[in-house]
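In Swiss-Prot this protein carries:
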type     : residues       : note
ACT_SITE : Asp434         : active site, 4-aspartylphosphate intermediate
BINDING  : Asp736, Asp740 : Mg(2+) binding site
TOPO_DOM : 1-153          : topological domain 'Cytoplasmic'
TOPO_DOM : 198-228        : topological domain 'Cytoplasmic'
TOPO_DOM : 352-384        : topological domain 'Cytoplasmic'
TOPO_DOM : 896-938        : topological domain 'Cytoplasmic'
TOPO_DOM : 994-1017       : topological domain 'Cytoplasmic'
TRANSMEM : 154-174        : transmembrane segment
TRANSMEM : 177-197        : transmembrane segment
TRANSMEM : 229-249        : transmembrane segment
TRANSMEM : 331-351        : transmembrane segment
TRANSMEM : 385-405        : transmembrane segment
TRANSMEM : 803-823        : transmembrane segment
TRANSMEM : 826-846        : transmembrane segment
TRANSMEM : 875-895        : transmembrane segment
TRANSMEM : 939-959        : transmembrane segment
TRANSMEM : 973-993        : transmembrane segment
Amino acid sequence: MEKLDRYLQEHFDVPAKNPSEEAQRRWRQAVGTIVKNRRRRFRWVPDLDRRSLDKAKVRSTQEKIRVALYVQQAALIFSDDELALITSKHDSKALKMHGGVDGISKKVRSSFDHGICASDLDTRQNIYGVNRYAEKPSRSFWMFVWDAFQDMTLIILMVCALLSVAVGLATEGWPKGMYDGLGIILSIFLVVMVTAVSDYKQSLQFKELDNEKKKIFIHVTRDGRRQKISIYDLVVGDIVHLSIGDQVPADGLYIHGYSLLIDESSLSGESDPVYVSQDKPFILAGTKVQDGSAKMIVTAVGMRTEWGKLMSTLSEGGEDETPLQVKLNGVATVIGKIGLVFAILTFLVLLVRFLIDKGMTVGLLKWYSTDALTIVNYFATAVTIIVVAVPEGLPLAVTLSLAFAMKKLMNDKALVRHLSACETMGSAGTICTDKTGTLTTNYMVVDKIWISEVSKSVTSNTISGELNSVVSSRTLSLLLQGIFENTSAEVVKEKDGKQTVLGTPTERAILEFGLGLEGVHDAEYSACTKVKVEPFNSVKKKMAVLISLPSGTSRWFCKGASEIILQMCDMMVDGDGNAIPLSEAQRKNILDTINSFASDALRTLCLAYKEVDDDIDDNADSPTSGFTLIAIFGIKDPVRPGVKDAVKTCMSAGITVRMVTGDNINTAKAIAKECGILTEDGVAIEGPEFHSKSPEEMRDLIPNIQVMARSLPLDKHTLVTNLRGMFDEVVSVTGDGTNDAPALHEADIGLAMGIAGTEVAKESADVIVLDDNFTTIINVARWGRAVYINIQKFVQFQLTVNIVALVINFVSACITGSAPLTAVQLLWVNMIMDTLGALALATEPPNDEMMKRPPVRKGESFITKVMWRNIMGQSLYQLFVLGALMFGGESLLNIKGADSKSIINTLIFNSFVFCQVFNEINSREMQKINVFRGIISNWIFIAVIAATVAFQVVIIEFLGTFASTVPLNWQHWLLSVGLGSISLIVGVILKCIPVGSGETSATPNGYRPLANGPDDI
């Protein structure tokens, strides 16, 4: 009861308004020593006896309140997690002691039918806690700053900078002696802060996306209404509705249900599922509903569940490196080693030339502090060359591009769960998609019905009268009983009193059809008792219910795929409601009706019944023969707007769309033709036929398969496995059911449906399509291609900078004995190249041209011949320009005077930076001449370019003391900008040069252009 005591003390204890009695007695004694007159004395002190009496009355009142609250809230109290332990420890004895599940329900003030009162939520959360797990605190911004400081090359540079400051102060005094070192320190600080800000913003973005992943909703009964709430709002006492594919959101006890099978492998590690019943009612959070449905009462939430304790111990390990990041890390390592060699050679050349000059002038035995400063600066330059050469911006660019794409896709209703999925989707060559809800709207209505050998089109106003005119009341009664008893949908009342049907789209359509007929509220239906329920799943393709009739007999109702149910029937209901034998001619007519419905793109479902003996085994499965056919439903599910254009886009992008559905083959073919998936050369096949093929037959068949109907989840898995294994395809697969999990896991990219998908399917997927729309899947592919191409653009840009910076400093060191680009200047270039360059180029949005080329195949080179052509061409131009300025600048520009060398070095630095600025613009298009297309709409790119130019002006004109530059006149500025802008002309010339034959040469940007393709995309 300690927790209740704390709760009552916190909320209902009445603190004394005046000081404590002991303090008042001390005050009385003090007053007594000063005020001798007793009458006057007691004006200054209270009557303690009366006060004690008043306090006694207050205590008495409080005790009464406590007793009342104990009595009132005793129904909500269990000592020391006792309620949670009953479920987590599977304590049957304790459960029995409390009166079973019914007793627990009463003790937590809940009702199986009405649930809890919403007004109790705060009280329940205060006592039992909230349904959230303890999460590790997010990393602060300063932790990212610390991480950025851990770069070894920056640490070495910092040491060099401090040495430079120390030696400079000793030789040149304050403040001139510290300029060089302080310039390096400020540059390091700037690099660290920009890196930290970038990483911190990305972490916030990924955390936001992670929070989106955790948004899970569940159906509960509260205040007598069934409603949908977030799992985080669950409290003890809630009545939760579970169905196939759900992840159990809290610990609870089974109330009632049908064939509930729970997968506890996530907690126990046991692969065998557990049957849950009233004899074994314990259901644990984190487990998954493998089959069946049920209602449970919540007994523990959040950190009081075993799942909560387990989740709180798991640290966020972050994302694994994506395949592209791994590949680029290899590239970065090679470039870094080359940079290290150049840095060592540059330092050795500078040192040797310095020693030779010193030996020839003052001798090697005389050393001054200025000599030490020179060597320190040489070493700093060498280390900075390593900083520039090591392209740590490559993995950063990938992460930045993926994060940007993920954010945009989130706005487009696609939640990317794994980073690698986004880039992999850009290489997808096949999309295996479901039909229902993905290609179609998933808003279903009964459009036609066949009953007693009569087909009728359904209209809400006339169908009741039309059916009454062609069938007897007994036939109609059987139809309605089959609809209302054999359904997983439910009619609920909203707050405004209106009725709403909850359930899957198919179940809703049939139940709404039944509600539109007369006789809905007949007492006969409510008098029936459900004995056994077999929920629908994608393997059986049917659902069944066994009911006990008021007459004492029992009856099975079965509903499902038309061909399967028809095979189970040997009788049919005639117009008078009698069961008559089903002749072969009638069976053929029924099949023709099914095919006719399917050819109109209608989903077909059959409803049948079977009378059974009263002594049937309740645990036996539903029979597979001897049924009597009642009706066939033709359900309309229109194709989504935009799907046909999306499929056309896929074709022009070299992506094959294959429909894999459990529907009738004629329905599937009709929808596939309407969407543009099924072509004249395409193959439509049924799952059983596909599964019977040999590997050799599959090898010939699979490339042409465009539609697979009546397929099982295993058939989808087999198709995906063979596409990846036999044809080395990058395959993406959509799925919504629990049984789709193996195919989603096997595919390169698993796409789960956010609306129709189960939690099991979502957990197995890489991307969750929040609106279940096929067009959204194409957007994922577009952004995947954009990520790949954007990284190629950045690599092209960065390698150009690397080559020029390394060569120009090395050649200058060899010939002149000095490096024109100082450590501070190289650090600024490094920031332009790594962080700002990645930000500018990695965030380019996709364009339509990307979807007019086939995808990159596995094993293709990341750096294409087109990229090498651009890199080498731009590098040669920049080396020529900078070399001309270095060796002939003074004479060519007629620069004379004591500061001529400083002006030339500043001009070299300024021209070098502007070459990178214009080459960054050049890199927006690797093959197209027009590099300005769409640049106005990309504000990030414009902002980066503007910031680079603005800061370059500040460095040259105002920070010369730190950056070793001098102010330039307007002619020199014009020259620098002009030399940089010529990079655009060089880019145009380079793009006119063919790059040779071969596979790569025919694949600009890594993609092979299609010979033909629609232009209106």
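For all residues, glycine too, the Cβ spot is worked out from N, Cα and C.
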Any contact, the transmembrane segment (826-846) to the transmembrane segment (939-959), with at least 3 Cβ pairs under 8 A: yes
Collapsed DSSP category at the residue listed as 'active site, 4-aspartylphosphate intermediate': coil
Contact call for the transmembrane segment (875-895) and the transmembrane segment (229-249): at least 3 Cβ pairs under 8 Å, seq gap 6+: no
Close approaches to the transmembrane segment (973-993) from elsewhere in its chain (Cβ under 8 angstroms; 6 or more beyond its ends): 869-870, 873-874, 877-878, 881, 893, 907, 910-911, 913-919, 921-922, 927-929, 931
Local Cβ density at Asp736 (Mg(2+) binding site) - other Cβ atoms counted within 10 Å: 27
Where Asp740 (Mg(2+) binding site) falls in three-state DSSP terms: helix
Tally of DSSP helical, extended and coil residues in the topological domain 'Cytoplasmic' (198-228): 16 helix, 10 strand, 5 coil
Helix, strand and coil totals (DSSP H, G, I; E, B; other) for the topological domain 'Cytoplasmic' (352-384): 26 helix, 0 strand, 7 coil
Among Asp434, Asp740, which are recorded positions, the residue with the most C-beta atoms within 10 angstroms of its C-beta: Asp740
Asp434 (active site, 4-aspartylphosphate intermediate) and Asp736 (Mg(2+) binding site), Cα-Cα, nearest whole angstrom: 9
Long-range environment of the topological domain 'Cytoplasmic' (896-938) - Cβ separation under 8 angstroms, sequence gap at least 6: 789, 792-794, 796-797, 800-801, 804-805, 808, 820-821, 825, 828-829, 832-833, 837, 840-841, 843-845, 847, 849, 866-867, 870, 874, 877-878, 881-882, 885-886, 889-890, 944-945, 948-949, 952, 956, 960, 964-966, 968, 972-973, 975-977, 979-984, 987-988, 991, 1004-1005
Distal contacts, the topological domain 'Cytoplasmic' (198-228) - CB-CB under 8 A, six or more residues away: 113-118, 138-139, 141, 144, 147-148, 234, 238-241, 246-247, 249, 295, 319, 396, 399-400, 403, 406-407, 410, 415-417, 490, 492-495, 502, 759, 768, 835, 839
Pairwise Cα distance for Asp434 (active site, 4-aspartylphosphate intermediate)/Asp740 (Mg(2+) binding site) [Å, integer]: 10
